[in-house]
Amino acid sequence: MVSPVTVVKSEGPKLVPFFKATCVYFVLWLPTSSPSWFSALIKCLPIFCLWVFLLAHGINFLVSHRSASRILAGLIFSAVGDAFLIWQEQGYFIHGLLMFAITHILYSSAFGMKPLDLKAGLLMGLVSSSCYAFLYSYLSGPFTYLVAVYIALIGFMGWRAVAGVQLCNDLWTWTKLSACIGAMLFMVSDLTIALNKFCFPVPYSRFIIMATYYAAQMLIALSAVESRDEEDFRKRS
């Protein structure tokens, strides 16, 4: 297994643009009350940098590793979803919801169905069901079923990320752990969005949503480079 130190040395420099773009977003902190193409660009810029991060590993790597290409596709849909959510008060919230639903399907596919780990699936099902049960009384119209479908999809994605870790069997890798933590942070981000939009104002909601979201996307993007890192490690050994 490739050591975390080796990974930081090899992947860290490629993530510098992402960290800079994230800092730009939080420093500018553009008001959400005045949506514009510029604010959409600033919000999407860290995700664009994650596109570049994966592309920096080479087109051949993405073509030969389906999980990496699916994560890249998920990041593309995420950026489109981010742009839609800039104009959510103008009626584009559902469009953003759809883009992120597709993202979760792509991430689930990237994480795969092995090992199955039904215990993790049951736990994630209980967590997802509990979240929807809490939100249900606040929902109305099409959101009653749209949110249910979305929670099912992100819960499934979380299950597949958690199932891949296998800490008890000592079969885990740092990238699988990265995917797991990223999926959990994504769920925290989306739950905060749901609570703030449908239930009650959440203090510091925007900061919580975006900090956990950017961290989640970075960790999931990192999980795509496992095969490349192991290949480079073997060449150096």
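Glycine too: its Cβ is placed from the backbone N, Cα and C atoms.
The annotation transmembrane segment is assigned in TrEMBL to 37-56 (among others).
Taken from TrEMBL, the feature transmembrane segment covers 68-87 (among others). Nonlocal intrachain contacts for the transmembrane segment (68-87), taken as residues 6+ away from its ends with a CB within less than 8 angstroms of a stretch CB, comprise 32, 35-36, 39-40, 43-44, 47-48, 50-51, 54-55, 57, 61-62, 93, 95-100, 102-104, 106-107, 109-110, 217, 220-221, 223-225, 227-228.
Within its own chain, the transmembrane segment (93-113) has Cβ neighbours under 8 Å at 66-68, 70-71, 73-75, 77-78, 80-85, 142, 146, 149-150, 153-154, 156-157, 160-161, 163-164, 179, 183, 190, 197, 220, 224, counting only residues six or more beyond its boundaries. What TrEMBL lists as transmembrane segment is 93-113 (among others).
Annotated transmembrane segment per TrEMBL: 120-139 (among others), in sequence order. Using a Cβ-Cβ cut-off under 8 Å and counting only residues 6 or more beyond its ends in the same chain, the transmembrane segment (120-139) has close neighbours at 147-148, 151-152, 154-156, 158-159, 162-163, 191, 194-195, 198-199.
Within its own chain, the transmembrane segment (145-162) has Cβ neighbours under 8 Å at 94, 97, 100-101, 104-105, 107-108, 111-113, 117, 120-121, 123-125, 127-128, 131-132, 135, 139, 179-180, 182-184, 186-187, 190, 194, 198, counting only residues six or more beyond its boundaries. Marked as transmembrane segment by TrEMBL: 145-162 (among others).
What TrEMBL lists as transmembrane segment is 174-195 (among others).
If you look up TrEMBL, you'll see 207-225 (among others) marked as transmembrane segment. Under 8 Å from some Cβ of the transmembrane segment (207-225) lie the Cβ atoms of residues 11, 15, 18, 22, 25-26, 46-47, 50, 53-54, 57, 65, 67-68, 71-72, 74-75, 78, 107, 110, 175-176, 178-179, 181-186, 188-189, 192-193, 196, all in the same chain and six or more residues away from its ends.
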